[in-house]
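S.K.: Take this structure, written in structure tokens, and hold onto it; I'll ask about it next.
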């Protein structure tokens, strides 16, 4: 965040594959997508991220042709597919349920789409075998779905989707049914497979960590509109508003009031009652309310004892959570606000494992903060 962690925002030379222009969609008179514009580039892994009901799955279904738009246009490879039936789009979808045929073998499940397309019989076996080899299931070709684990079923669904060589693969929360460890493994496998195939993936999830792990680009949605579109690092370190900041990982929000502008970058402000310099890249006036945002890992804490005087926000440790590599502390400021602090665990530091009710000073590296206008006092 800020100056010390400046992002590399070099433009990427990617060509557009899908263009959504002015897309609107309503169900039962309720608008779920509103004037949405989105470009999806060739060969990228793009994630639509947002809470339940934000419209992300509807966008996926509109691209797939499983729903029709009320307004706007969808282009695929410079062709208008707005009103093209789903079966005639070079787009395949992997659903949350995988939708495998229980009475068919793995081989026949993967071959199903090829047979429906009337692919020559001589081509089917080698293409299915290649697809199963890609997802490391070649030896499971004659098994039925019920004989496979959840992760293996997921890979069958992906093999069935890619065997048709689609231009675009859509995945609708397709990892959510897996347990935590298997989901982490599949995240890595899915990203590696996407790089190997070179197919554009559009992935829908409400899991922020999943989006950060897998994506080249994340589109954060709320109430049918795009709140922010950027790389995982941009979304995490440079949130554009309080919703994005709060939705992507843990973040602390401090109330601030402008005292005066010092120069083009810095403002003197009172942050939770403490005067300090903050980096503000927009026009402000004395007395204006601001939000200062800091991730738990960007905060520094130091114990205050009788014999030392330390600058910072003063508070007291109320909770401690040991998480292996990190120690998370909840610190209550003197004004009652709760602050989350995350530190890498250091067993060699005798002062590291803070005791409950220990008096602490909280500070941060100047310019690591993200500053936003106070949305409540605009």
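Our numbering is plain: 1 for the first residue shown, then up by one each step along the chain.
From the backbone N, Cα and C atoms, a Cβ is placed for every residue, glycine too.
From Swiss-Prot, for reference:
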- 18-248: domain 'ABC transporter' (DOMAIN)
- 50, 51, 52, 53, 54, 55, 56, 57: ATP binding site (BINDING)
S.K.: Which number gives the other C-beta atoms within 10 angstroms of the C-beta of residue 56 (ATP binding site), all protein chains shown included?
M.R.: 27
S.K.: Highest Cβ count within 10 Å among the binding-site residues 52, 57: which residue is it?
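M.R.: Answer by Cβ density within 10 Å: 57.
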S.K.: Counting other Cβ atoms within 10 Å of each Cβ, which of the binding-site residues 50, 55 scores lowest?
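M.R.: Checked 50, 55; of these binding-site residues, fewest Cβ neighbours within 10 Å: 55.
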S.K.: For the binding-site residues listed here, 51, 53, 54, which shows the highest count of neighbouring CB atoms within 10 A?
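M.R.: Neighbour-count leader: 54.
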S.K.: Using the CB centroid of 50, 51, 52, 53, 54, 55, 56, 57 as the ATP site centre, which other residues of the same chain sit with their CB within 8 A?
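M.R.: Not counting the recorded site residues, we get 206, 221, 222.
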S.K.: Where does residue 53 (ATP binding site) sit by DSSP, helix, strand or coil?
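M.R.: Its secondary structure by DSSP: coil.
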